[in-house]
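Each remark here refers to the structure printed beneath this line.
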Amino acid sequence: MATKFPSFSQGLAQDPTTRRIWYGIATAHDFESHDGMTEERLYQKLFSTHFGHLAIIGLWVSGNLFHIAWQGNFEQWVADPLHVRPIAHAIWDPHFGQGAIDAFTQAGASSPVNIAFSGLYHWWYTIGMRTNAELYQGSIFMMILSAWALFAGWLHLQPKFRPSLAWFKNAESRLNHHLAVLFGFSSIAWTGHLVHVAIPEARGQHVGWDNFLNVLPHPAGLGPFFTGNWGVYAENPDSLNQAFGSADGAGTAILTFLGGFHPQSEALWLTDIAHHHLAIGCIFVIAGHMYRTNFGIGHSIKEILETHNPPKGTPGDLGAGHKGLYDTINNSLHFQLGLALASLGVVTSLVAQHMYSMPSYAFIAKDYTTQAALYTHHQYIAIALMCGAFAHGAIFFIRDYDPEANKDNVLARMLEHKEAIISHLSWVSLFLGFHTLGLYVHNDVVVSFGTPEKQILVEPVFAQFVQAASGKAMYGMDVLLSNASSSASLAAQNIPGDHYWLDAINGNTDVFLPIGPGDFLVHHAIALGLHTTTLILVKGALDARGSKLMPDKKDFGYSFPCDGPGRGGTCDISAWDAFYLAVFWALNTVGWVTFYWHWKHLAIWSGNVAQFNESSTYLMGWFRDYLWLNSSQLINGYNPFGSNNLAVWAWMFLFGHLVWATGFMFLISWRGYWQELIETIVWAHQRSPIANMMGWRDKPVALSIVQARVVGLAHFSVGYVLTYAAFLIASTSGKFG
C-alpha cells in the first residue's frame, strides 16, 4: 500500500481523520518538526530552497518580459511614453461577447488587451531597453538563470555538495560575502550598466552587444580615474532642456550630484543614480572586509557583543548587556528570519515612499494609476513582512530561547519588564485612539449641524517646520534651507556645480507635499494603527512563553488557541491569535495609509486640492468624498447600456467583497460549532445515494480553533486586497487613463 501523505510525519500519516490532510499541509514547510530532521539537514534543505525561490523570481521576470515583447506595445510606447498606454498582455476569454471585445480592445491594439500598471515599461525604458528583441533576449537570459538556479538547488542536496553545519554557522564569512559580493559588487555592477548602457541611451546613443566594447561612456575614458581627478566625471551634466532619449541638450557627465529631477522625464537624474550606486557599492565592499575570518584581522561579532556591557556601578543593576546574544542569534533560524523580515519590511515601506516622492524611472510620475498601484502594492507587502517578523519572534521564544544562556542579558531583561513595555504601548494606543477619534467625531457633528467653522483644525506645525528646514518656502519659516543666509544654505551654495533640490521641493513635484489639518488628523489615525498593531505583535511575542495567567505556556507548544475564559483566559498568551489579530490591525492601518495617499493625490492630479483639504477633517468627508464618490465609476463598469473597460474591476470589486465577508463566518465561531457542522454535513452525505457510492478514507473532524481562524483571516485578507485593488485601479484609470 502506498504511503499516505504526509511522508515527513508518520504520526500524521497514520491519523485516521481529516486532521491528517490539514495538519500535513500546515506543517509541510515546518522542516524542524519533520521526522528524523537533524540541525544540519534542516540548514541544507533551507539553503536549497533559496535557489528554488530565485528560480521562481527569475521565471516570473522572464514571463513578464516575454509577454510584453510578444503581446505588448513596447516599441510604440517608447516612441511616445506620455500618450501611449502600455499593454500588459492580450486577453482571450470565451465569455466575451462583442461588447466586451470592443470594450477591451484598447491602446491601439487589434484585439482585447490588459493595460499595464506595473511600471515595467518605465523601468526597462530607463535602463536602456528600446526594442522587443531586447525584451526577448532578457526573457531568455532570465529563463537560463532560473534553470541554473534550479540546478544549483538540486546540486546542493546531493551528498557530495551539501555544505556542512559549520559552514552555515560561520556568521562572519557569510556577512562578508553578503556585504561585499552580493550588495557591494552588484551595486557597482549596476553602476556599470547605468554608465555604459542606460545613460548613453538616455542621450540618444544606442549601446548594444554589437558596439559596447568600442563606445566610450565618457570622452576622457579611464584617465581621470587613474589620476585621481574624479571631478571630471561630474563636469558638463545634461542641460535642463535636454529631451530624454535624445542628444538634444545632452551633456557628457556620468557621475553627478545635481539633486532634484530631470525637467522633462520628472525622474531623478540618471547620472545621480549612477553616482549613488557607485558610492553604496564602495561602502559595502569596505564593510565586507570588516569581520575576522581566515586571516585573523578585523572584528569578531561575538567579541563586539560581549564587550557591549552597561557601565559598572551605575545606580540600579543594568544586567549583563549583550552577553550570550551571538550564540542565541547564530543558533536560531527564527531569530535571524525575524530580523531579516523586519529589515525588509522597513525597506519595502521606504520603497513605496521613494517611488512616488522621488521617482527614478522616466515619465512614471505622469502615469498616475501606476504610481497609485505601486505605492499600495509595496505598503501591503511591508505590513505582511513586519507581521511575519514578530510571528517568528514568538516562535523563537518558544522553540529556541534558552533562559540559562541569556541570563540577565538585554533579551532576558526585555522579557522581565515586558509588562512595562506592553502597558506603555497600550496607553499610547489609547491616547492616540481617543484623541484622534474625538477630533474627527467633533468635526463630523459640527459639520452635520451646518457650522463647519466650529471644527477643531490643528496645523501640523512641527512637520511644516521639518519641510521648511528642508527648503520648502511656502510656510514662511526662515529656518535652515528656507533661509538663504543660514549655515545650511551657505554650505549648499559652496558645493560646486548646479543643484536642483530647492527647485524640486518648491516646484510641482511629489517631494514634501503641502500639509494641513486633514493631514494632521490622518497622520495620527495612522499612528494609532501602527502603535496598536505593534502592541499586539510585541505582546504576542513577549507573552508566547507564558504570562501571569499561564506561566507554563511554553510547555504546551506553539499551536495553542485562544479558547475563551475556560482555562483561566488563554487568549492572553496565544501567539497564534495575537498574530491573527495583528494582521487585521495591520490591514486596517495600511487601508488608512493608502486611502490617505490616494485621495490626496487624486485631488492634486485633478487640480482640486481643496476637496481633500476641506473634506478630510471629518469622517463623513472620507466616506462620501473619497470612498463613495470614487466607487461610482467602478460600479458602472456594467450598466444597462453594456459594459466598458472598467467591467473587470467592477466584477472584482463585488467578488472581493464576497470573499471578505465570507471570512467572518470562520472568525465568529468556536470548535464545538465546527464539529456539529461537519457531523451534519457527513450525515447528509451518508444519506445521499451518490455521495455514498465512494468510501470515506478519512473520518471528517472539525477544524481546530487555530485552523478555523486562519481560514477566516485568509478570506478577510484576500477579499480586502481584491476589493481595494479594484477600487484603486478603476477609480484612478477611469479618471486619468
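Each residue, glycine too, has its Cβ placed from N, Cα and C.
Straight from Swiss-Prot, the features:
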{"type": "TRANSMEM", "residues": "46-69", "note": "transmembrane segment"}
{"type": "TRANSMEM", "residues": "135-158", "note": "transmembrane segment"}
{"type": "TRANSMEM", "residues": "175-199", "note": "transmembrane segment"}
{"type": "TRANSMEM", "residues": "273-291", "note": "transmembrane segment"}
{"type": "TRANSMEM", "residues": "333-356", "note": "transmembrane segment"}
{"type": "TRANSMEM", "residues": "372-398", "note": "transmembrane segment"}
{"type": "TRANSMEM", "residues": "420-442", "note": "transmembrane segment"}
{"type": "TRANSMEM", "residues": "520-538", "note": "transmembrane segment"}
{"type": "BINDING", "residues": "C562, C571", "note": "[4Fe-4S] cluster binding site"}
{"type": "TRANSMEM", "residues": "578-599", "note": "transmembrane segment"}
{"type": "TRANSMEM", "residues": "646-668", "note": "transmembrane segment"}
{"type": "BINDING", "residues": "H657", "note": "chlorophyll a B1 binding site"}
{"type": "BINDING", "residues": "M665, Y673", "note": "chlorophyll a B3 binding site"}
{"type": "BINDING", "residues": "W674", "note": "phylloquinone binding site"}
{"type": "TRANSMEM", "residues": "710-730", "note": "transmembrane segment"}
Quick note, M665 (chlorophyll a B3 binding site) and the residue listed as 'phylloquinone binding site': C-alpha atoms separated, nearest Å, by 11
Just name the winner among Y673, W674 (the binding-site residues) by count of other CB atoms within 10 A of its CB. W674
So how many other Cβ atoms are close to M665 (chlorophyll a B3 binding site), meaning within 10 Å of its Cβ? 12
Highest-contact recorded stretch vs the transmembrane segment (578-599), from 333-356, 520-538, 646-668, CB pairs under 8 Å: 520-538
Around the Cβ of the residue listed as 'chlorophyll a B1 binding site', other Cβ atoms within 10 Å, all chains included, total 15
For H657 (chlorophyll a B1 binding site) and W674 (phylloquinone binding site), determine the Cα separation and express it in whole Å. 24
As a test: from 175-199, 273-291, 372-398, pick the stretch that has the greatest number of Cβ pairs under 8 Å with the transmembrane segment (710-730). 372-398
